[in-house]
Amino acid sequence: MLIIETPLLLRREVRRWRQEGKRIALVPTMGNLHDGHMTLVDEARARADIVIASVFVNPMQFERPDDLARYPRTLQEDCEKLNRRGADLVFAPSPDVIYPNGLESQTFVDVPGLSSMLEGASRPGHFRGVATIVSKLFNLVQPDLACFGEKDYQQLALIRQLARDMGYDIDIVGVPIVRAKDGLALSSRNGYLSAEERQLAPQLYQLMMALSAQLDNGDRQIDILLEQVAEKLREAGFTPDELFICDADTLQPLSAASTRAVILMAAWLGKARLIDNHQVDLTV
């Protein structure tokens, strides 16, 4: 497995594989890899001849400097995991390589609508950072496909819109959420949880599934349902951040025409911001 830090060397390897007729998959990550990331690599491996994983903690998508500073950097361990899983190349650039003129002078990519709604409304600039780094990676690697986790539901929708709008001939593959046995969605930020908080954390998933059951039963009093969930989260020790029930295809409010809903949840538990989502079929 190759470990490369510069765009020049990355392009050289990509060019060689292209000349050999290889099908290339990209798995973008911010490192601190867990089993959820490994399923992305597995999916990429099953669909392509070459798997390129990026490990880059992207400063442009952090709105809080303290959050950026404490995000775990575990490159050596990440590379060992990726090597064992069969990745062919790890692109691990420094911020100076990706943003040589600094963030303030960096050309950026913004996806209208999706960047500023829902999670984007409370995290200004976050999705601009996501769209910019993903665009850079797409331009550098020019993959046939790219794998992203469905845990970041709005991010996945944004990247699909980005690919359509910018004309990228790239298959965007969504990979299902990987969960611990108790239901907690795997996340790099789970490492911020204390032992006691880790015991409480699955309640986010449990409350989400209870909400799903209410939707299955035909309850459409969305505001009341969300307030009930928020109160239960607070009682359990969480600080609710974002709670939405949207049309799964448009991320707009549910309408009579909606056939699928998505529950989007984010809540703080101690120092960890936990996110999760679940889709609900409204036609049954």
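Each residue, glycine too, has its Cβ placed from N, Cα and C.
Here Swiss-Prot flags 30-37, 149-152, Val178, 186-189 as ATP binding site. Feature annotation from Swiss-Prot assigns active site, proton donor to His37; the stated evidence is sequence analysis. Among the features that Swiss-Prot reports, beta-alanine binding site is placed at Gln61. Among the features that Swiss-Prot reports, (R)-pantoate binding site is placed at Gln61, Gln155.
Spacing of the residue listed as 'beta-alanine binding site' relative to Ser188 (ATP binding site) is 16 Å (Cα to Cα, whole number). Between the alpha carbons (Cα) of Glu150 (ATP binding site) and His37 (active site, proton donor) lies a span of roughly 11 Å. Checked against Gln155 ((R)-pantoate binding site) by C-alpha proximity, the binding-site residues Met30, Leu33, Ser188 yield Met30 as the nearest. Within its own chain, Met30 (ATP binding site) has Val55, Phe56, Val57, Asn58, Tyr71, Ser188 as residues 6 or more apart in sequence whose C-beta sits under 8 angstroms from its own. The Cβ of Val178 (ATP binding site) has Asp35, Gly36, Thr39, Gly149, Ala185, Leu186 as same-chain neighbours under 8 Å, each 6 or more residues away in sequence.
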